[in-house]
Amino acid sequence: CGSDNLINCMTGCLLHGRYHEMAPNIVPMDYTKDPDVKLPIQLIINMPELKENPFKERIVEAFSEDGDGNLSFNDFVDMFSVLSEMAPRELKAIYAFKIYDFNTDNFICKSDLEKTLNKLTREELTAEEITLVCEKVIEEADMDGDGKLAFADFENMISKAPDFLRYKNCLKNYQMFFLYIFCSSWKDDGLAKC
Amino acid sequence: RNRRAQRKQAGNEDSDSDGESCKNKKNRANQISKQQEPDEDEEEDNKGGRKGRGKNETKQEKKPDEKGKKEKDNKKKKDKKKKGSSSSDSDSEEEPITEEELAKLKEEVEEKKKLIATLRNKPWQMKKKLDVLKEAQLFVEKFEGALGKGKGKKFYAYKVMMTKKWMKFQRDFENFKTACIPWEMKIKEIESKAVVHIYILYFWLLVFCFEQLSTFIILWLQVLMGKPYGTLPRKTVPRAEERTAMNFATLWDFSGLAQYSVLFYGYYNNQRTIGWLKFRMPLSYFLVGVGTIAYSYMVVIRTMARNANEEGGGDDTSFNFSWKMFTSWDYLIGNPETADNKFASITTSFKEAIVEEQENRKEENIHLTRFLRVLANFLALCTLAGSGYLIYFVVRRSQKFALEGLDNYGWWERNEVNMVMSLLGMFCPTLFDVISSLENYHPRIALRWQLGRIFALFLGNLYTFIIALMDEINLKLEEEKIVKYNMTIWEASLYNGTIPENATAPPIQVDPADVPRGPCWETMVGQEFVRLTISDTMTTYITIIVGDFLRAVFVRFFNYCWCWDLEYGFPSYSEFDISGNVLGLIFNQGMIWMGSFYAPGLPAINVFRLHTSMYLQCWAVMCCNVPHERVFKASRSNNFYMAMLLFILFLSTLPAVYTIVSIPPSFDCGPFSGKIRMFEVISETLENDFPSWFGKVFSYASNPGLILPFILLMVLSIYYLNATSKTYKEANLDLKKKLQSVRMP
């Protein structure tokens with residue numbers, strides 16, 4: 001591997017190591033045969049990076065293929081790469097929208113906002129305060145006046161937020177890369193250049 | 001057809017020459033190439049020469065498919081494979097490549113490259129990205145080879161290779177630059193405790209960079225090439241001071257041996273060239289001094305411009321609640337205690353915002369608020385005036401002490417000025433904080449008022465200090481005349497009347513330590529600044545240790561046996577004081593800028609101080625501070641801090657420039673000794689080192705008749721640029737409004 005790929009190789013091995021150690025009996029070390037292995041959501045939300053996050057279930061569900069939270073290794077890598085520092089803002093916005101959309105109807109409606117707020121404050125606000133906040137959010141961000149936030153509204157609002165990209169919505173140290181690396185027969189210089 | 005045959009060749013060549021390919025890759029590659037060729041066959045037959053474009057379009061249709069349609073994609077690929085396998089090897093006729101086809105092929109290759117570059121931005125599943133990437137990469141590799149065959153193959157291949165190497169180099173350089181940022185890991189550690197601190201740490205980095213420049217060049221050159229210590233009178237400790245030259249007290253005061261070292265202006269010789277390289281020391285001293293200031297201006301303004309771009313249009317509070325809801329959680333938190341703190345602070349912030357919103361819907365008592373604000377401003381002004389007078393008083397007193405001889409007084413009298421300035425800097429900001437609670441402003445606005453007042457305080461102090469220095473400089477200049485007179489007498493006494501006056505005589509060897517020395521006002525100025533910096537540093541350390549660490553220890557251990565809850569009431573743990581620390585940094589930098597011309601060693605001392613302060617602060621933040629209760633966006637203040645830095649830069653260069661231009665340098669110390677004004681070194685260089693026509697051109701160019709119109713032109717262009725930027729901003733806002741109204745049906 002070249003120097004760039006060396007970082008990718010190492011990160012790839014690290015991630016695979018993490019994935020494997022959660023369920024050593026199920027996850028194989030050798031990925032040449034492209035095995036169809038998925039880890040259940042319960043294991044993943046217990047990872048130290050996600051454990052304290054109030055949105056951990058939603059995060060895992062957003063990256064799973066069928067929305068139920070079971071991640072294959074590719075999905076696992078996807079999750080870390082989007083959450084990393086190197087991911088571009090647009091990509092983060094897309095996934096952030098998915099995460100906050102609790103009922104997966106492609107809109108963030110009032111009930112989604114209420115759930116988000118309850119998770120953020122651990123249900124310490126009164127019902128009146130919750131209603132006030134949700135109304136204010138819709139008032140501020142809803143452009144097309146339908147009483148809920150479409151992706152365009154969300155993106156418009158989040159792109160102006162100064163804190164969104166920097167160091168907050170990201171997890172430690174996992175760089176963005178495309179994987180072929182964790183198993184020797186997949187090593188390929190040219191293809192890993194991205 | 002020729003192309004297809006060549007492509008196959010190129011494809012095979014690539015896979016053969018690639019030393020690392022394994023069976024898997026080869027097979028897949030061949031599969032895909034077989035897959036691509038028949039597609040091109042079809043398109044060629046149908047669309048006459050539009051090579052891979054058809055395939056490209058089908059690819060683009062595939063893109064918006066979501067995860068569930070991946071199976072459809074695979075099926076499509078299999079279908080294509082089946083179709084294509086029959087006609088893959090049928091044709092082998094030759095065909096020349098036309099210019100048109102070549103250009104189109106190039107276009108497609110570029111498109112594929114763009115796809116590869118933007119692939120990471122697509123919200124697809126990993127598997128899909130991998131497949132698309134592989135296809136695109138193979139396409140690019142094959143066709144790049146093929147494109148080369150024809151005219152200018154070698155050149156094209158070479159160009160491609162150079163582009164690749166250049167991109168790799170750029171990537172490595174970025175990695176290297178990131179690795180070089182000192183403290184990057186430390187910054188990330190701290191983030192999880194309180195995100196807002198990051199901006200302070202960035203500041204350290206920025207300031208750090210300024211320093212590196214000026215010191216090391218001159219210092220090392222002088223040390224390497226100049227005459228060593230003890231060879232010249234200006235480089236030696238005078239006989240009278242020799243006894244105490246190495247005492248710690250003297251060294252701490254930066255007199256004695258430290259005074260006659262590379263650290264200060266006085267050490268440098270005024271010899272025009274030194275060493276075997278004929279290095280022009282005085283000229284370089286002058287140019288480096290002026291150059292670093294110019295560079296600092298450039299860096300500050302460039303950073304401001306960059307920050308201004310990022311801020312963009314739009315106002316602060318338009319998405320208050322939305323941002324609180326969606327961006328307040330810190331994803332770096334992994335510690336349960338920190339998480340608890342974070343939940344609490346988020347809840348508090350929501351409650352505050354709710355209360356504010358509810359109050360906004362009520363009416364407020366304007367008159368009372370206005371009265372309170374006027375009162376607060378009055379009190380602040382009183383404080384400022386008081387501190388200014390105090391410093392003036394203290395400086396006058398220290399001059400009196402100096403006249404009567406400093407040995408009669410103890411440590412406090414000798415360091416009175418520095419201590420008073422540091423103490424004022426410690427206590428007045430707290431006072432301003434108390435006053436600002438009367439005003440009832442929004443936290444960000446209150447922060448700005450606070451910063452403005454502290455700024456005025458420091459400025460007043462600094463300028464009083466400088467005026468006092470000016471008085472001392474004048475005193476020293478007077479002293480110089482006396483010393484000059486005494487020196488002629490002393491020289492005459494050496495010859496002891498053996499040789500009549502007005503005749504040349506062989507110089508008598510005198511030990512450099514015995515030569516009577518003129519007072520060196522430049523070194524004195526340098527010393528004052530160095531002392532000020534050191535006392536500032538000490539104050540900072542003591543504040544951190546006492547104010548943060550000891551306070552935390554006290555609260556933690558005495559909480560068990562105290563009447564009220566120390567942790568939640570007074571004094572509680574300290575928060576990280578952003579404004580105080582940032583201002584302290586900015587002022588420290590201002591002092592360095594002011595003093596570095598006269599004490600070239602000062603930036604080196606500052607680098608050391610920044611490093612130690614940084615680690616001390618980091619440690620204090622991690623162990624003694626609690627996160628802020630109010631979470632407001634300090635990032636918007638970034639440009640505000642840079643604007644202050646710029647202002648300070650301007651103000652600190654004024655005194656230095658004034659002294660360079662209007663005060664004569666000392667006659668026996670420093671690189672400009674003997675000249676009437678310091679900047680004469682430039683005209684001297686122009687006369688001696690450049691051809692004569694250069695000097696003429698320069699003298700024409702520096703004619704006021706030319707310079708004044710030039711200045712006028714610059715003022716006009718500033719006005720013009722300002723006007724155009726205003727119109728652009730207005731046009732921007734108009735467009736935004738239109739966009740909003742278009743969105744609403």
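A Cβ is built for glycine as well, from the same backbone N, Cα and C atoms used for every other residue.
The model shown is predicted, which means the values in this text are computed figures rather than measured ones.
Per TrEMBL, the feature compositional bias 'Basic and acidic residues' maps to B:54-76.
The annotation compositional bias 'Acidic residues' is assigned in TrEMBL to B:90-100.
Residues annotated as domain 'TMC' in TrEMBL: B:520-635. Confidence across the domain 'TMC' (B:520-635), taken as the mean pLDDT and rounded to a whole number, stands at 77.
Residues or ranges marked as region 'Disordered' by TrEMBL: B:1-102.
The annotation transmembrane segment is assigned in TrEMBL to B:195-225 (among others).
Sequence annotations record features per position, and here TrEMBL assigns transmembrane segment to B:279-300 (among others).
Here TrEMBL flags B:374-395 (among others) as transmembrane segment. Packing against the transmembrane segment (B:374-395) from elsewhere in the chain are residues 416-417, 420-421, 424, 428, 431-432, 435-436, 438-439, 453, 456-457, 460-461, 464-465, 468: each is 6 or more residues past its ends and has a CB under 8 Å from a CB in it.
Annotation comment: TrEMBL describes B:416-438 (among others) as transmembrane segment.
According to TrEMBL, the feature transmembrane segment maps to B:450-470 (among others).
Among the features that TrEMBL reports, transmembrane segment is placed at B:640-661 (among others).
Residues 686 of the same chain lie 6 or more positions beyond the ends of the transmembrane segment (B:697-721) yet place their CB under 8 Å from a CB of it. Annotated transmembrane segment per TrEMBL: B:697-721 (among others), in sequence order.
For the domain 'TMC' (B:520-635), residue counts in helix, strand and coil come to 84 helix, 2 strand, 30 coil, using DSSP.
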